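The following feature annotations were taken from TrEMBL:
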REPEAT    377-410  repeat 'TPR'
TRANSMEM  5-22  transmembrane segment
TRANSMEM  81-101  transmembrane segment
TRANSMEM  113-131  transmembrane segment
TRANSMEM  159-181  transmembrane segment
TRANSMEM  187-205  transmembrane segment
TRANSMEM  259-276  transmembrane segment
TRANSMEM  283-301  transmembrane segment
TRANSMEM  307-323  transmembrane segment
TRANSMEM  335-357  transmembrane segment
Amino acid sequence: MRKKIYFTSAFFAVFLVFSSFINNGFSWLDHGDIERGRVVLPLSSLSSAFISRFGQTGFFRPIVTTVNSIDFDLYGLWAPGFHLTNVLLHLAATFMAALLLTRLFTFSFKEKLMVFLIAGFHPLAFLPVGAISYRQELLLALFTYLTLYFHLRKKLFPAYLCFLAALFSKETALFLLPVLILLFDRLFLSEIVLLSIYGLLRFAAVPEIWHISASALPFPLALGTRLAAVSRLLFQLLLPLKPALSDATRVVSMTDFKIIPAATLFIIPVIFFRRLKPDFKKAFILLAVLTLPALNIIPVPRFSSPHYIYLALPAAASLVVIFRKWCLKRYKSAIIGNVLVVIWLVIAGFSTFRAGFRFKNDLTLFEPEVAADDRFLEGHQYLGDYYFKINEFEKAQLHYESALEKDPSVIAFVDDSSVMNNLAGVYLAQNKPDEADEMLLELSLKPDWSDNQTLLYNRALIADKKGDYKKVITLLERQDISWNRPESLLLLSKARQMLTR
């Protein structure tokens, strides 16, 4: 009975810490994913999620689409409902992680509680929990821990179902799950069959192997920069403070001191393999494997992000518990360790609770982040979008222009095409048609821009505003464009009428 009370209290404490995340709106990628319905389907069409790509991306994540669609059916566009789902997913994932690690390391009830609280309170969870568009991290974590838990208990049917659900949540599971299973058990033929089924469905929905190119860096810089990015995440793993959201990563070589924490993590299990106690050995290996996605070996849009290490939070918590056990065994006391853990939890809980209010909208989320790191280009992009929507064009222009300022020594993601298109709109709203047309012309030359119909129509609108009807006709009579927008035809008809007067 006492154990149930303790665990219920722990659940309530974690829920309370994340309660500030619930009463928020949509922000960042949520606008496209949820508000514009890119990754939402009617419940009657949910099966199509398993034979189609994830929104407009090159990813295949039908479980994420399914959860989003259920939320949309329940809540419509009421954002707090979606945020509540994220909080509950985090609670479920953290609980399953505590159960799994208790089985791996034979933790006592108090130690299991400690793992749950450390991983549950950690500020590094603020992005996967706070951003609805990042819930694939929560689903991946939940189904990864469930797969391993059932696998170790030899309950293979639920293990297979969770294995497939993890694969359908995020592509990372394709590498991580087989490696983790092989570390602690063995891979069954049925799981290889499941990988094959996933592969068939994935390539039927998304024929291309991968659509994101890696940063073109020489090997010493590529490795050094990746290790430095992981080192930053490991440092954030230790701190009970909210991590920076900025993905801006300075390019460094393999000789830079910033790579030391990451290099140490990957080297310790190798060099000291025989000398480490079994539990320390397992925990270090688990942490190293779960940190591998942060190396960005398979390129993704954002080179570095706090959510890359979300899966590793329970592994880090297990190291704390194992170290506490070692101190207790060696020094017959763990008072200092207990006090430090309590202080860490109090600071972490307060930091995480405060971080939740950031997700109210794009302004509250990105303004403090851009103020802390002006190199955060994507932050500038979304602040530009925010100010554009409320007709504060000068501020929108400032942020859009900042988003297009590239530093060759820094890797930072931004959707150039979207920024340029919106900046042209800002120029037009400020009655600067020449600047707007020049920006759209530059955009049309970008190899990644495909919506030429919209672009040419916008340029034709600018020409119409300037009274240049010949240019309107030239733009809208392009033979290589299959015009299907009625407004384009109406504008073309108007230009022809004006010239025949």
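Numbers run from 1 along the shown chain.
Just so it is clear, glycine is given a Cβ too, placed from its N, Cα and C backbone atoms.
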Grab the same-chain neighbours of the repeat 'TPR' (377-410) for me: Cβ-Cβ under 8 Å, and only residues 6 or more beyond its ends, written as numbers and ranges.
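Distant contacts of the repeat 'TPR' (377-410): 27-28, 31, 245-251, 302, 361-363, 365-367, 369-370, 416, 418-420, 422-423, 425-427, 429-430.
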Based on DSSP, tally up the residues of the repeat 'TPR' (377-410) by helix, strand and coil.
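Across the repeat 'TPR' (377-410), the residues distribute as 24 helix, 1 strand, 9 coil.
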Taking 3+ C-beta pairs under 8 angstroms (sequence gap of 6 or more) as contact, is the transmembrane segment (113-131) in contact with the transmembrane segment (335-357)?
yes
Looking at the transmembrane segment (335-357) and the transmembrane segment (5-22), are there 3+ C-beta pairs under 8 A, with each pair at least 6 apart in sequence?
yes
Could you please provide the mean pLDDT value for the repeat 'TPR' (377-410)?
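Over the repeat 'TPR' (377-410), the predicted model scores a mean pLDDT of 95.
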